[in-house]
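Here's the structure we're looking at; comments come further down.
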Amino acid sequence: MMAVAAAQKNREMFAIKKSYSIENGYPSRRRSLVDDARFESLVVKQNKQIVLEEARNKANDAGLTEDEIVLANAASESAEAENAVQNAALIVRLKEGITSLGRILKAIENYHGTIQHVESRQSRSDGVDHDVLIKLSMTRGNLLQLIRSLRQTGSFSSINLMAENNISVKAPWFPKHASELDNCNHLMTKYEPDLDMNHPGFADKVYRQRRKEIAEIAFAYKYGDPIPHINYTEVEVKTWRSVFRMVKDLTPKHACMEYRVAFKKLEEEKIFVEDRLPQLQEMSDFLRRNTGFTLRPAAGLLTARDFLASLAFRIFQSTQYVRHVNSPFHTPEPDCIHELLGHMPLLSDPSFAQFSQEIGLASLGASDDEIEKLSTVYWFTVEFGLCKEHGDVKAYGAGLLSAYGELLHAISDKCEHRPFEPASTAVQPYQDQEYQPIYYVAESFDDAKDKFRRWVSGMSRPFEVRFNPHTERVEILDTVEKLDTLLHQMNTEILHLTNAINKMRRPF
């Protein structure tokens, strides 16, 4: 499939393959998803420019577009790859009116292409008369020659190549099935305490070796495997106990109702106890029973794009290592205590789980700039979010609920509280060396979801996706047939809902 062959090859050309550590230029001492997104965007932009310039110099064509370079790389795999017939789509912007369309159709015929669909509309862009969508099938080699031929014609403002599912071949690759998260391991980011003398575990050789052992377990994990069991040491359990007691003391007064309910349920099921750390497998089973979320082990914090993508499948990537015992109430990077106490309780709440998944779905195929914005929204909600509850402000962010210092700061009068609005939240600067001066307060999780959905609808991604929980697959809604299937499923659900309401209204 062109969408996989070309787009995934494009990702391999432009993606970061090294971990984000100090030796590789990562600038921040305190890890954050927002910093990762910004760093990733910068490096991807630099790498992309290098690749494009090399390709243009090799072809002696300064006007060679990114679309053509990606297509040429996909076709260069072998003679078979070059001659393989692929479905694709061209979006051509005509400067001289619809009469130019005839020249395009004749060119497609000359390059032995088969036209499947043609659609035109008046353009809203200055200097462009019409936009034309042409769906066709053609060999990769001929398609590349066709694009170059059309580009040399002065009648067209621009020519964009799309894959058969209406995704640009230069759009970021994203996983379509939960098993494809295995392919994201080369983008795993790993905070390395042996490189930073300010890390609490820098001088502790035993701790550093322990971190490496647990990281290797995570790197070896594959989709469908049971989550590996970690035999935590007495020192690690002691660290857990200290943080667990602190969180339990603060929860009744400062945590939102949904968190308190989930925390109590976890205690009742003996998953949250102070004398042992929960295993990810038992926590994953608990989440699956309540909201369908599951866990998979991670060696560290993923890149922003890959971490958000996992949420689209209702999968949370969780570390299994424990912060250093000398710093039980602060960790320079996420550890399993932060994720178990901060994230897991609310992932068992249906409304919050849906909100988390929608952030993930919005990230699939998003531009680098949009990934930065989505990461910032995630940071100020899922990590450091506040909400209203009976007139009081409560915490629901995992970074607040697992760090009492910032929690007390966030609910004090030393910071500013603003209503949660995704458009403004997405561009709010993030302070990575100190507590935030601004926190965003949601009216409720449902209100946050509604506002988020309206904001996401304005993103540049030219397609819509949905998650099919039965197949664990993300479906791209790009054909009438797919929309008809979805509409039929919705009608069935509405019928069940109507029947239930009617039965509830019957007299006893």
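A Cβ is built for glycine as well, from the same backbone N, Cα and C atoms used for every other residue.
As recorded in TrEMBL, the features of this protein are as follows:
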- H338, H343, E383: Fe cation binding site (BINDING)
- 159-505: domain 'Biopterin-dependent aromatic amino acid hydroxylase family profile' (DOMAIN)
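A 10 Å cutoff on Cβ-Cβ distances gives H343 (Fe cation binding site) a total of 25 other Cβ atoms nearby, all chains included. For H338 (Fe cation binding site), the same-chain residues that are 6 or more apart in sequence and have a Cβ closer than 8 Å to its Cβ are R323, T331, A398, G399, S402, A403. The number of other CB atoms found within 10 A of the CB of E383 (Fe cation binding site), across every protein chain shown, is 23.
In the predicted structure, the domain 'Biopterin-dependent aromatic amino acid hydroxylase family profile' (159-505) carries a mean pLDDT of 87.
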